[in-house]
Amino acid sequence: MYLDFRNRLGIGTLFTTVISMFSRERDSLIYQPALPPSYPLAVRNPYLSTWMPSDQVEYLPYAEPQFWTGQSLSWSVMARIDGETYSLMGGKNTNDDILPATVSRAEYTSTHSVFTLSAGAVTLTLDFFSPVSPSNHLRQSLPFSYLTVTASTASANIQIFSSIDDRWVGKQEDTVRNFQKKDSTAIFSLRVNNRIMYEERNDMATWGEAVFASRPSPASKLFFASGKRENVNSQFIKTGKLDGNNPWLPGGIVALSHDLGEVTHSQAVRFAVGYVREEAVNYLGTPYTGYYRANYPETPEAVTYFLDDYQDALQESQKFDLELSSSAKAIAGQKYADIVTLSTPYVRATGDREWAIKYQDIMRPYADYLVDNGVDIAEQLSSNDAAGPLANETNLAIKAAVGIKAFGELTGLTEYSRIGEQRADLFFNQRLGTDEQKTHFVLQYPDKPASWKIPYNLYPDVLFDLDTFPAEVHRMSSAFFKSVRGEYGVPLDSRQDWAKSDWNMWLAATFDLDTRDKFVGDLWAFMTNGKHNWPFSDRYVATSVKGASPGVPILCRARPTPRPPHNFGPQGYPLPNGATGPVPGATPLLPNNGRVIQNGPVRILCIADARADHIIHTGDFGFYDDTSLERIAEKTLKHVAQYSPLLPENVKRAIAQTPPQQSIKQRFPPDQLPLSELSMLLDKRLTLDVPVYTVWGACEDVRVLEKFRSGEYKVNNLHIIDEANSRLLDIGGVKLRLLGLGGAVVMHKLFDNGEGKTTIAGGLGTMWTTLLQMGELIDTANRVYDPSETRIFVTHASPAREGMLNQLSVTLKADFSISAGLHFRYGSSYNEFSVNPSLDHYRGKLAASKASFNDVWETVRGEVEAAIASNEAQKTLLDNALDVVQKMPTIANGGNPFGGPTGPGNAAGQVDESAFKNMWNFNLADAAFGFLVLEIEAGRIATEMRAQGFNFAHRGGKPPVPAVAGQPNAPVPSGTPGVASPATRPAVPQFGQAQPVAGRPAAPQQSQPQPQQGQTKAPAAAPARTSPVPVIPKPATPQPSGTAASQHAPTSPDKATEANGTTQPERPSESPMPRPEKKQSNGLFVSNVDNEQGVRDLFPEEDKAKIVKLEKWGKYNHVVMFSSVEEAKAALDRQPPEHKKPAPPGQPRKPNIKFFEDRGSHRGNAGTWQSSTRGGNTSQRGYQSGGASDSEGGRGRGGFSGRGRGRGDRGRGGRGGRGGFNKGGPTSDSPAPSTSTPSGEKSTVAGDA
């Protein structure tokens, strides 16, 4: 928006004076490091995205900022100096004289936009600061930005004023103002009255609250007011203060001012502006709030913390800005640094082949797809969908060749590498993808030699140093694209006049230095040409060859393209190879934080074993830091010391003998009371070599756990599972879902959060479970439910002792529970059938737990319900947990222990024995005395429990025989791929647990079943097609080499058999099932229209009146529903022809209308939340275990591999090859044929279910 100063000021002579002053100062205005299209002022998320267009900076005293989509926002800043008022930004007052300050400098970094102005003898700076904090999740999640106003002078009396209005909330017609003070912080909030959840207007959220706040500095007094703009401004202009009156009407402003008094050097005041959405996003019907609300659930608390955090955030931003700018400048010069400074990317690359081997079978179907479809390419869209679909697009063929080579190099499967190089040879050396003279790659082969497209998919080949294509390719491209550059660079292809900044930077990374610098210069020229004022757009007119004005953006405003210009250098932003994982602390939104995929035999050890692939820990891990000792209670300290492996025995004895009246902390210095080695993990003196999944125990520090949850503490390979975070391990043909609950279960503590500031409950060094945690765990389990998974419930407290935990296990549909053992010397495994002589005995245990809970609940019920009355989320969690208790029996005889009576009388209802027999519980010995191993292979979960036990040698009167190191039964190095042997991998440290006794005999090496040797036949070569495109015959699908090869039979040229000689069934993709007939729809799909009114305006009145529903599908798409198919068809027939066909490639998009294809719910098979089906159609009710126990005959899954296939021989019906990871490979013991994953089947990807 361009400013009309005459209308704004209402004074023609003053307008003339201002423009004259600005024109004299324009030449002296300095822009550093360059002049961007727009300056970010407060940019934290799509709904707090405020910018100052660069063409308004010279008029900053009267310029209004804009929302990213272009709407003006009122944000005024004024300074009163010795009684004279100056406008610094956004001045708007027609009743009083306000002098404009003079703008002398504008600069930006990745996190700051700073404007310098002068007013009389005073220099003022406006520092707009939006923190970017990759490592601090709490800071990064706060939806606020800072404005710091600094006044520097020799001597002056100064007051500072700032205000915003209700345009920040999206609707001005009906707004509500609220004001409150938190300590010394004054906080205004503005919101829409009668707001509708998740409603937007012009891309602005209207269901949240705009927040404007400040607090007095050490040298200032703070004043506040709200009301009509003219009245509030006049108060400040006349007196330098605000009167504290807060009348409100829509269109008014909220204002804060600081009186600095006499300033003789430099003083600063600070404001916070933000937009808060308590229910920030809605994901599949479930609302999620911002991460920061875990620590600060109320907005005033969050604002106060944000202002407290300024100095730390400032220091981080200064370091971040310097590192980013320096790195960019070192790579491609100052112009490149200017561009990258606005994008703030973060890139991490590793060279860890073990990771690739783990995921090999997930990635392999994609590589096979590229082998099959990378030459004769069907018509399809590429990443540049605006350019339209193409068949045989050269750039896609390049991507396929590089992808195949990349898979081969990642996994060591050299046959794929060879195929990728053959494809590169075909397209370059054999000229299938170039013109005849080999001057450039063509847009489309084989018959369009004059066309071209930027081959940006060559960049990954350079990035990963694959050498799929020879260096001659890059020399060819460097020479050619110099010749087709327009005024602002090279268009996407020969059909277009517009360029894409991201793809041009990808391509530039493959050029020689001279051509690369020209491409960078082109992008820099577009960014700084002053012809536009949008927040940076990645799509712009690059050349005037088609008649359009070059150097201006089109369509894509403030485009958050996930491929910003950061691609230079041999490895992008290079980091050392061998990094062990992703960015530390990075977690996605969903409660199931991560998914680990691993095939082949796997060892999951509960507590400790150096040969483990994964470790499950049941609590008391040692979550104490150097400050925990001062918080731990004496009683808890005495208990922790008794079992600590870190304390000498003499200290343990002295602590045990300490009288109650003496303080352990006073008797011993802190260095003699180490609680944990966690500090060594935090500073990487110790590392975890395998993933460890743990709950917290009964003796931990709640403050330390909160620091892990906030991201302040991070340990690589350590995963805390709790009520909000689960993990999925896809290993050995079994998908293991880990659900966790930490702390002790104490009835009177279920409603007490202790010292916890979040949902973690604890204090004085102890931890306990709360009822809300149980409710949230149920919510988490419901959201991630997948009937194909095997669920393990990991707890610190034992479900055997706690009836509520036992019932919770049933509710979670757990197949196993694993719990700590109260310092037992022996572990135990059992199901309820094995320890209860009858169902009534089991009912008695549950009934006793229910009665104990009800005693507490009836006492605190009124207080609890009143405390959460206004919090719908907590009410839902409480109801989840109370439902668990209600399903528990009240008396010991009759009825259903899992569902409770379903009718009058205690004997009503049927008993469901499935969970009674099939949910297995493992209670562990201390790590010093034993362990549990879960051996997973081919879908079967085997167990190995070992305990050192008690020494009974004294009963025979003979001394014990000491264990000898190097006994024959010492463990042999594991043959598990990617897992180091004990000789090369140090034992995983166990914190808070005693170390194994030296010389203790290790677990004997278990013999592994050897797969039967069978023969497989490679697929026949594909026949030549009748296409003008030469096609490389598909080679035999490459098989793993090296160690993997020994697990497979040699290839037979004439016959393909499985392990038992059965021929491999035909692939479903080669025998497709007929598709069901599409049902006619009574809806029309409207695209390329961004608002509902615009959609309605497309229809004539007679059709507009028949619209029964209008639903938004994405930003520019809508579905218009009519009462019948006939009405929809008639409405479509009445549309003009240009609305019924898509715009030609390269032309501006216009509205397009067609029949809506109803493909079912966009939620997929998510099912109804908390429904009994959970995404599938089933008539079963109550608890349904994944399979029956062996004692129930042939009904079960049989070693976890016969789920749903076959019913005989303990369910060994096979799973269609999912138990093994080799394509067409033999199984270990299943008599059923094993098949490869069909090519037409959707591949499993690494991610949460």
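Counting begins at 1 with the first residue displayed.
Using N, Cα and C of the backbone, Cβ positions are placed for all residues, glycine too.
Pulled from TrEMBL, these are the features on record:
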| type | residues | note |
| --- | --- | --- |
| COMPBIAS | 998-1029 | compositional bias 'Low complexity' |
| COMPBIAS | 1039-1050 | compositional bias 'Polar residues' |
| COMPBIAS | 1081-1091 | compositional bias 'Polar residues' |
| COMPBIAS | 1093-1102 | compositional bias 'Basic and acidic residues' |
| COMPBIAS | 1130-1141 | compositional bias 'Basic and acidic residues' |
| COMPBIAS | 1167-1183 | compositional bias 'Polar residues' |
| COMPBIAS | 1214-1223 | compositional bias 'Gly residues' |
| COMPBIAS | 1224-1240 | compositional bias 'Low complexity' |
| DOMAIN | 111-326 | domain 'Glutaminase A N-terminal' |
| DOMAIN | 337-561 | domain 'Glutaminase A central' |
| DOMAIN | 826-955 | domain 'DUF2433' |
| DOMAIN | 1077-1160 | domain 'RNA-binding' |
| REGION | 958-1102 | region 'Disordered' |
| REGION | 1130-1249 | region 'Disordered' |
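For the compositional bias 'Basic and acidic residues' (1130-1141), the DSSP-based tally of helix, strand and coil residues reads 7 helix, 0 strand, 5 coil. Remote same-chain residues near the compositional bias 'Polar residues' (1081-1091) are listed as 202, 1098, 1113, 1115-1125, 1127-1128, 1131-1132, 1149-1158 (criterion: CB distance under 8 Å, separation of at least six residues from the stretch ends). Residues of the same chain lying 6 or more positions beyond the ends of the compositional bias 'Basic and acidic residues' (1093-1102) and with a Cβ under 8 Å from any Cβ of it are 1086, 1110, 1118, 1120, 1131, 1134-1135, 1139, 1151, 1153. Shown for the domain 'RNA-binding' (1077-1160): DSSP residue counts in helix, strand and coil, namely 21 helix, 18 strand, 45 coil. Here the domain 'DUF2433' (826-955) is broken down by DSSP into helix, strand and coil counts: 56 helix, 23 strand, 51 coil.
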